[in-house]
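Engineer: Have a look at this one.
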Amino acid sequence: MSRVPAFLSAAEVEEHLRSSSLLIPPLETALANFSSGPEGGVMQPVRTVVPVTKHRGYLGVMPAYSAAEDALTTKLVTFYEDRGITSVVPSHQATVLLFEPSNGTLLAVMDGNVITAKRTAAVSAIATKFLKPPSSEVLCILGAGVQAYSHYEIFTEQFSFKEVRIWNRTKENAEKFADTVQGEVRVCSSVQEAVAGADVIITVTLATEPILFGEWVKPGAHINAVGASRPDWRELDDELMKEAVLYVDSQEAALKESGDVLLSGAEIFAELGEVIKGVKPAHCEKTTVFKSLGMAVEDTVAAKLIYDSWSSGK
């Protein structure tokens, strides 16, 4: 008789993954393994996207196997536009399925929203560690949703910024963010005000047209571009994309899914995993962009860590 899979709620996932910083070492390894090709032991196709045009949404399916963890997962993620600030349904919803890789048995069904938020922020922190200017004092976050909170949490754990700024299209949400998080955050009235002189910029918006322009960005700054996950969506303008040194999580995915890359015609310099491995340089003296689309193996790493923690405490 097959055993019933574990069902882990968002609260339980949070309990077993209290700090995003726990993900940094295994994610660095996973990114390096992914960029090593088949010998790296990561089997991961580009996500499959099923448009739900009638309702302005889509379903994404993200499977991966990682030999290092001997872990097999699939994430199901939905995105629906224009939920609005009064909606009780978030724009993104996700569920992660963890399987026993030796026989395919379903081990666990996990809330994927916490996993997505924390692993994405951890990967941005890894990119920033390698690509930020040597003396980085000002952090700017564009957007005030779930990813803004997860990025703020790990960035204030991992780095020492003297000033943190935030901008959001709806200023009330930026003010709520500043009132909610620990530490002082300056709320800015415009993107230009927020990014002026910033050393590290994080874009976590629902923008479909550019909101960040190269002429506003300090030379030598590092940008983590996290939003705009579809081929016709953008957060960054042509000037910034073409003048910066461009790093991505997956070159294959970026050339299929990233509007920031496709519509600007920018040339990809390296995958982040190649920088971690030391086969491509980190040009921290230049303006850099890390285009993060998110990869299934990142969910695999997080899900295995959570499941192992849950299993040990049963």
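Placed from the backbone N, Cα and C atoms, the Cβ positions cover glycine too.
Pasting the relevant annotations from Swiss-Prot:
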- Arg47, Glu257: 3,3',5-triiodo-L-thyronine binding site (BINDING)
- Asp82, His92, Arg119, Ala144, 146-147, 168-170, Asn173, 205-206, Val226, Ala228, Ser292: NADPH binding site (BINDING)
Engineer: When the Cα-Cα distance from Arg47 (3,3',5-triiodo-L-thyronine binding site) is computed for each of the binding-site residues Val146, Thr205, Val226, Ser292, which gives the smallest value?
Structural biologist: Ser292
Engineer: Just to verify a number: CA distance, Val146 (NADPH binding site) to Glu257 (3,3',5-triiodo-L-thyronine binding site), in angstrom, no decimals.
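Structural biologist: Computed Cα spacing between Val146 (NADPH binding site) and Glu257 (3,3',5-triiodo-L-thyronine binding site) is 22 Å.
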Engineer: Given the binding-site residues Thr170, Thr205, Ser292, which one is most crowded in terms of C-beta atoms within 10 angstroms?
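Structural biologist: Per the Cβ count, the most surrounded site is Ser292.
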Engineer: For Arg47 (3,3',5-triiodo-L-thyronine binding site), just count the other CB atoms lying within 10 A of its CB, please.
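Structural biologist: The answer is 21 other Cβ atoms.
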Engineer: Taking the Cβ of Glu257 (3,3',5-triiodo-L-thyronine binding site) as reference, which residues of that chain separated by at least 6 in sequence fall under 8 Å from it?
Structural biologist: Val46, Arg47, Val49, Ser229, Arg230, Pro231, Leu293
